[in-house]
Amino acid sequence: MTMEGFICSQHWKRYVPAVLLFLATLNSTSAVTHYSVPEELEEGSVVANLVGDLGLDVKTLVERKMRIEIIANRKYLDVNKETGELYIVERIDRESLCPAKTSCYLKMEAIIENPKRIFYIELEILDINDNAPHFRRDTIDLDISEATQPGERFSVSNAVDQDVGSNSVKTYRLSESDYFTTEIQTGRDGSKFADLILKKKLDREQQAVHYLILTAVDGGMPSRSGTASIIVHVLDTNDNAPTFDEDSHNITIMENSPTGSLVIHLNATDMDEGSNSDLIYSYSLYTSEKTQETFNLNPSTGEITVKGVLNYEDVRIYDMEVIATDKGANALSGQCKLKIFVEDMNDNHPEISIKSFQSPVNENIELDTVIAVVSVSDKDSGDNGVVDLHIPDNMPFKLRESSDNYYELVVSEPLDREKVPEYDITFTVTDRGSPPLSDNETMTLELLDVNDNVPQFPQSFSTIRVMENNAPGALLSSLTAFDPDLHENQYLVYFILEKEIANTSMSMLFSINPENGNLYALKTFDYEIEKEFLFHIEARDSGSPPLSSNVIVHIIIVDQNDNAPVIVSPWRAHGSVVEEKIPRSTDKGSLVAKVIALDTDSVHNSRITYQFLQVTDATLFSLDQYNGEIRTMRMFSYRDPRHQRLVVVAKDNGEPALSATVTIKLSTVETAVKAYSDMTEVPLEYDIFSDLNLYLVIGLGSVSFLLLITILVTIVLKCQKPKPSKAAPPCRNSVISERNSTIADSTLVSNDAYWYSLFLAETRKGKLVVRQPVPKGSRYIVSSIPRGTGVTDTSDSAASTLQVGIKCVYLF
């Protein structure tokens, strides 16, 4: 149902009860009031003075409740109760209210009460030109063959305008074009549309696409317009024949060109498109079979390549004609002529022949010795037949021409197999053609090894540290040499160069594996007896003659703390207690006794400290931990016991530490016995005719005799071999120290002052001290001989025996 029909239907549905109401109401009326207004009036615009037109009193509008009812979905108008004017409440759009209609009416009722009356009002909505024409599609595509004749018509979609009457579409305009124009047509309903007419024959090759603008204009004042783009695609027809870039070609090609070599790439073009421009290349009937067998023509790409053998001596010129044909319905074609010239070239390679070759050769071969004889040749003539022979640079060889096209390879530099064991000698022969041709032959020259390299140790001096008390057969080190020679010239044998130390051969002390150079110890070493060894180890190859080198081996015996300190002062029999007497009137700080201990280990391990292990009264005596002096810390009192027991321990600095102890029993006396404050000031006090002195003289004589024998043996050995003398026989109850050595931080210092103080201290206790000085560089023997006995032991170990070197003996 249309909008107009809907409005009329609604009107009559309301009109019937209105008529019935008119019959029942006294002053009711059925008259219709007509008004006309243009669409799109602004809100508040006055349409008419409704009260005046209806003959009503303005003053009674409010009292009579005047109202407007519109037969529509919206309330477009209303009445002003103060002025009685009918005005616009909402903007009216005619195209929305009455679409596709030439006339548009809005029906309404004005109702008042007391008495009730109904006035029928009909408002005509007039059209204004508020809508521009527009096309259903913004772009119109047309496909037209280039073979279409002029005058042909093509329909395009028409434009529409929502306005009516003179405001609707009135005409069409086409953008400027040499090929197209338009013709306006009018439909039965009065609508306007345009036909596109071809004015001039199309040519796709000149212009494949035409772009046009079609404009629709309405009849409003001012007029409005809308546009659409027309794209005309020109369809191709096969109206162009293929053409080559050039009608003829002259080509030069080298003889013996390989199969597949490109001769020329022919290019033909067809201005058509699609299958009309697809081309096929072929030989014409004027091309000989020989030419077609020699050259290949690709039918798709137009490439001409070599198919057969080109020989300048056989055929020098080839003539051919190539046709390019399109694939259109009515095929068209084009032709191209070619002339191919074959150019002569240097096509014979030079040849090389090895007449003789000597390999292998010794690496010490003499210079200018002939190694090989080579001949060269070339079948070509002129410059193409002239050849040159050469070998790579940076090789110790050179070529020497002996006769026509004959060459000798001779040694030019000394050879060394250890640097380059073999040479790959490439003989290259090149002719002088253009381009030059060449050939090569490679021969391998092997070098035989000669024994020309001395075995080499990594270093010429090797220091090996060995801890004393090692196990016999222990591996000390591996002394390996390297020889770059080969085979027997490379096989090495290791051995120790014989050398005697103290009449002892090195082979009795050490052993070396002759195959790998592993050095072993054959005995257990004692640092206190042997501190170091110096000898040579030789590595000798098995060449002829053999070559050898040696390394100096320095064996250093590292000390272990394996000797306990030995207490040499105060002397006492094994397990006995040293008894000393001092007056009770001794002053504070007086020297009571001095403990002296010796350790035959190295300086670090022999550093001795002293401390009390037991003491009767810790407040009475002090012990210097470095020199072993025991002094009084205060004077004796009547409360102090008469007997004091002191146990002193002497401990070395080794790890773990070893020690020795001595027990001293001090007895205080009331007699005036002078205490010795310094051992260097104590006089000799013994009875030369006592039994003890007799024993001392006998012991001293025995020791002196033994020392004299030792000195004589040493002198004999010195005269035989200028090497360090062997160790003196060990002597019980003897203490040995190197000159200028220090034990326990100056506890025992081998200088004259010390030996003098030791002499005084020991003789005071009933012992005779015998000093045996020797020249600088030798050692001392100090014998402490008790008066009543000939044996001296410590609580921890027997008296140590050290190596002694003596030249002269002096008795103090």
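First residue shown is number 1, and so on along the chain.
Cβ coordinates come from backbone N, Cα and C, glycine included.
Annotated features in TrEMBL:
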- 1-31: signal peptide (SIGNAL)
- 29-135: domain 'Cadherin' (DOMAIN)
- 136-244: domain 'Cadherin' (DOMAIN)
- 245-352: domain 'Cadherin' (DOMAIN)
- 353-457: domain 'Cadherin' (DOMAIN)
- 458-567: domain 'Cadherin' (DOMAIN)
- 582-685: domain 'Cadherin' (DOMAIN)
- 694-717: transmembrane segment (TRANSMEM)
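Counting residue by residue with DSSP, the domain 'Cadherin' (136-244) contains 3 helix, 55 strand, 51 coil. Here the domain 'Cadherin' (245-352) is broken down by DSSP into helix, strand and coil counts: 9 helix, 48 strand, 51 coil. According to DSSP, the secondary structure content of the domain 'Cadherin' (458-567) in residues is 7 helix, 51 strand, 52 coil. As a summary of secondary structure, the domain 'Cadherin' (29-135) carries 12 helix, 42 strand, 53 coil according to DSSP.
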